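These notes concern the structure reproduced below.
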Amino acid sequence: MNQPQVNPGGTVQKTQTMQEIFTTESGAVYQCDKRNRIFVDFAGSVTAYKIDAFLRLKKAVDSIDLSSMANNTDRCSDYELITLCGCDRMYVLSLPEVYNFKELLSGARFVLELNSMLHECLYAQVA
Amino acid sequence: MKDLLRLRTSLTEEIEKVLNEQIKMEADASAMYLAMSAWCDRNGFDFSAGYFKKQSDEEREHMLRLFKYVSDMGGRAVSPDVTGVQIEFESFRSVFEQALQQEIAVTQSFNRIADRCQKSKDYVTFTFLQWFLKEQIEEEYVARRALELFDVIGEEGTGQYEIDKRIPKITYEDTYEG
């Protein structure tokens, strides 16, 4: 089977149709061309997203105000809940984790955009 | 590696965002015109109430045109929330002043979107916008002519009554002679 596999331990087993698009020390993002999904490996688990959901996830994470989290002394501001409508996965992240998640998703988003630009340049039929 | 972003839509995230902002602007404008219609109605300006109701319908139609375009292109069209609509207006004249200001703001907004489309080489959306840019000539003209009636006729005596009667008769002639 040429499909991305997620091992019981939560790590992603790479296949021919699955490519790593961005990695940091805290996680990794993969693209599966067979299923047209983005796999996000973060906080100990791997979640598959459609591209639209991935973009919504990035938007949700970007909208978190890190400085207000840091400045607020309430216990409830120590963690941030990230949920997406239509997705089962919910993230409960501390401030450093949110920071790392932002970095990971931004990097992945950049690579997706870069890939899009390369496609446009390389496969354009008309100069 | 597949280009997943373009498998979804040829609209860039930026253009999708500005189009959704414009959808909201049109929805706000529609709600505002409806509020103006209600104000005119309860202050006895029957013809103006009908005029603003028609304008409200037109703005909603503009919103739906934009909405359909975003959806047709595979983008995510967002049904906007419209809150805090103004209910009271200072005077009969101020209603029309606000209407003209709103139309000019809409024109400027479309100009900015067209500019962004050119910068991001999105000529499909740029072409789609031509209808709106042309429509704004008429919208601004009608709003400006309506406001000018206050100076031409004057509000004294039966002036406001005469102005109200003239409002629905304003039409835009799309010819070089008009």
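Including glycine, each Cβ sits where the backbone N, Cα and C put it.
For B:GLU26 (Fe cation binding site), the count of additional Cβ atoms within 10 Å of its Cβ stands at 24 [all protein chains shown]. Secondary structure from DSSP puts B:GLU26 (Fe cation binding site) in a helix. What TrEMBL records for B:GLU26, B:GLU59, B:HIS62, B:GLU103, B:GLN136 is Fe cation binding site.
What TrEMBL records for B:9-154 is domain 'Ferritin-like diiron'. Secondary structure of the domain 'Ferritin-like diiron' (B:9-154) per DSSP, as helix, strand and coil residue counts: 116 helix, 0 strand, 30 coil.
Cβ contacts within 10 Å of B:GLN136 (Fe cation binding site), excluding its own Cβ and spanning all protein chains shown: 19. Its own atom aside, the Cβ of B:HIS62 (Fe cation binding site) has 24 Cβ atoms within 10 angstroms in the protein chains shown.
Each residue in B:MET25, B:ALA29, B:GLU58, B:VAL106, B:PHE132, B:GLU135, B:GLU139 lies on the same chain as B:GLU26, B:GLU59, B:HIS62, B:GLU103, B:GLN136 and has a C-beta within 8 Å of the C-beta centroid of that Fe cation site, without being one of the site residues. A sphere of 10 angstroms centred on the C-beta of B:GLU59 (Fe cation binding site) encloses 24 other C-beta atoms.
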